[in-house]
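Only one structure is covered here, and it is reproduced in the block below.
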Amino acid sequence: MGRRYNLLFILVTFLVLVAAVAAQGNSGSNRGVGQRPRVGFYGNRCRNVESIVTSVVRKHVQSNPANAPGILRMHFHDCFVRGCDGSVLIAGNNTERTAGPNRSLRGFEAIEEAKTRLEAECPGIVSCADILTLAARDAVVLTGGQGWRVPLGRLDGRISQASDVILPGPNDAVDKQKRDFAAKTLNTLDLVTLVGGHTIGTAGCGLVRGRFFNFNGTGQPDPSIDPSFVPLVQARCPQTGDASARVDLDEGSAGSFDTSFLSKVRSSRVVLQSDLVLWNDTETRAIIERLLGLRRPSLRFGTEFGNSMVKMSLIEVKTGSDGEIRRVCSAIN
């Protein structure tokens with residue numbers, strides 16, 4: 001009898017320990033070492049996470065349409081620096097937000113408001129990194145693009161340094177762009193497709209003006225630009241005008257998420273040199289043609305963009321003891 005009692009006690013103790021470990025592994029603060037994000041991660045612990053983020057992003061895009069491309073760009077800038085960990089959201093001296101390429105980012109208020117609402121509904125459960133990833137998808141959908149299922153379960157990073165912000169540049173050659181994307185586990189199809197996200201948004205005049213007035217010190221516009229496009233940009237970005245003024249990346253269609261931008265790359269009517277040169281490379285040109293349905297087998301831009309966004313959103317994600325759930329997205333706990 002005593003032996004049976006001891007065995008029963010040991011069995012019950014074991015089951016209790018297993019249940020405790022499982023509960024800890026499912027908590028918002030401990031994701032399990034090495035656990036990767038997955039669709040439906042939050043389940044019943046925060047069942048309204050996606051609808052809450054969508055409603056907040058919709059509100060901010062309706063009040064200021066520039067927030068849509070701003071949030072999409074913010075997600076890219078986050079993932080290419082220390083991985084998709086929400087580090088770009090952290091405010092303060094010498095954080096990523098203070099770096100040159102990030103000073104024109106928009107949409108921080110939308111992410112913070114979504115976090116506040118989620119903390120009220122399911123405190124300590126949803127990371128800022130996941131909110132940003134969802135918001136980027138919603139920004140695309142709200143501008144007419146195709147949606148995709150977002151894997152969730154990232155943790156927030158604890159480090160944000162301006163010195164870490166080294167991003168692909170607006171004047172980069174194709175080969176450099178390929179190397180930069182390959183370093184983040186993204187291939188050439190991902191490169192072209194994600195650059196296609198320039199179908200929404202703007203660029204600062206100070207960033208592009210040189211190509212339209214004094215390309216490589218010649219005193220003339222870049223000869224590879226469609227000549228009829230040059231005066232349009234010169235009028236929007238006068239040589240002695242405000243460098244912070246903005247010009248559309250996709251002339252005439254900057255508010256619609258579609259393949260219009262890729263058509264403009266084909267016709268040399270884009271403002272960034274790094275975009276224009278994609279038509280000069282055999283590999284990237286073939287992908288553009290497939291995305292535009294000009295070459296077989298064709299590719300669906302909306303589908304490929306979603307696939308590439310999922311791949312990008314999994315770059316160097318934080319899990320287990322690598323990160324945390326920030327209570328406020330702009331500050332480390």
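The first residue you see is number 1, and the count goes up from there.
Cβ atoms here come from the backbone N, Cα and C positions, even for glycine.
Just so you know, TrEMBL annotations are computer predictions that nobody has curated.
Values in this document were obtained by computation on a predicted structure and should not be read as measured data.
The signal peptide annotation in TrEMBL covers 1-23.
Per TrEMBL, the feature domain 'Plant heme peroxidase family profile' maps to 36-333.
Residues or ranges marked as Ca(2+) 1 binding site by TrEMBL: D78, V81, G83, D85, S87, E96.
Annotation comment: TrEMBL describes P168 as substrate binding site. Listed in sequence order, the residues of the same chain lying 6 or more apart from P168 (substrate binding site) and placing their CB within less than 8 Å of its CB are F80, K176, Q177, D180, F181, S274.
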Sparsest-packed of the listed binding-site residues (D78, D85, E96) - C-beta count within 10 angstroms: E96
Which same-chain residues, if any, lie at least 6 apart from V81 (Ca(2+) 1 binding site) yet have Cβ under 8 Å of it: S87, V88, E96, D164, V165, I166, L167
Which same-chain residues, if any, lie at least 6 apart from G83 (Ca(2+) 1 binding site) yet have Cβ under 8 Å of it: G157, I315, E316, V317, K318
Segment confidence, the domain 'Plant heme peroxidase family profile' (36-333), expressed as mean pLDDT: 96
